[in-house]
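Let me begin by presenting the structure, written as structure tokens, before commenting on it.
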């Protein structure tokens with residue numbers, strides 16, 4: 001992804017590639033901390049009570065950075081400075097789905113009211129701000145990225161409401177039609 005965004009080698013692609021790689025490495029760090037907590041503290045990986053505390057926060061932060069949710073959503077429009085067909089497929093259909101699929105796989109641990117409300121409001125903020133930004137954006141490729149952000153926010157919103165299968169179907173249909 002880094003070299004794909006860096007393809008044109010101008011200021012926009014250089015800053016976009018660095019922003020993309022640093023944000024995704026932050027998500028990798030959160031995922032590493034999540035797995036380290038589960039290993040080093042000698043807890044069962046699927047122990048429900050353990051994940052209601054700290055390590056579940058790192059799983060959620062991993063999903064937020066990987067799926068470009070509200071606090072970490074700046075990297076996706078900047079990553080669209082790559083060549084058009086490849087960037088729309090890779091950045092808008094495959095990379096951003098990783099965080100949501102991670103939450104979908106661990107959805108049995110997200111049955112806490114506070115966690116569900118957090119997912120709901122982050123999805124709502126992502127959908128709202130990406131839609132608002134897309135209205136004033138002039139670059140068509142960034143509008144494509146912002147529409148993807150809006151759809152990923154909607155999938156996160158439906159995860160927060162507890163409609164896991166609807167979120168997965170929406171995620172898969174968005175990726176299919178985007179590609």
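Every residue, even glycine, has its Cβ placed from backbone N, Cα and C.
Sequence annotations record features per position, and here TrEMBL assigns domain 'NADH:quinone oxidoreductase/Mrp antiporter transmembrane' to 1-179.
Here TrEMBL flags 29-51 (among others) as transmembrane segment.
The transmembrane segment feature in TrEMBL is assigned to 56-76 (among others).
Taken from TrEMBL, the feature transmembrane segment applies to 88-108 (among others).
Beyond the ends of the transmembrane segment (115-136), by six or more residues, the same chain brings 56, 60, 64, 68-70, 73, 77, 103, 142-143, 146-147, 149-150, 152-162 to within a C-beta distance below 8 angstroms of the stretch. Here TrEMBL flags 115-136 (among others) as transmembrane segment.
Counting only same-chain residues 6+ beyond the ends of the transmembrane segment (156-177), those with a CB under 8 A from a CB of the stretch are 67, 69, 93-94, 97, 100-101, 103-104, 107, 110, 116-124, 126-127, 148. Residues or ranges marked as transmembrane segment by TrEMBL: 156-177 (among others).
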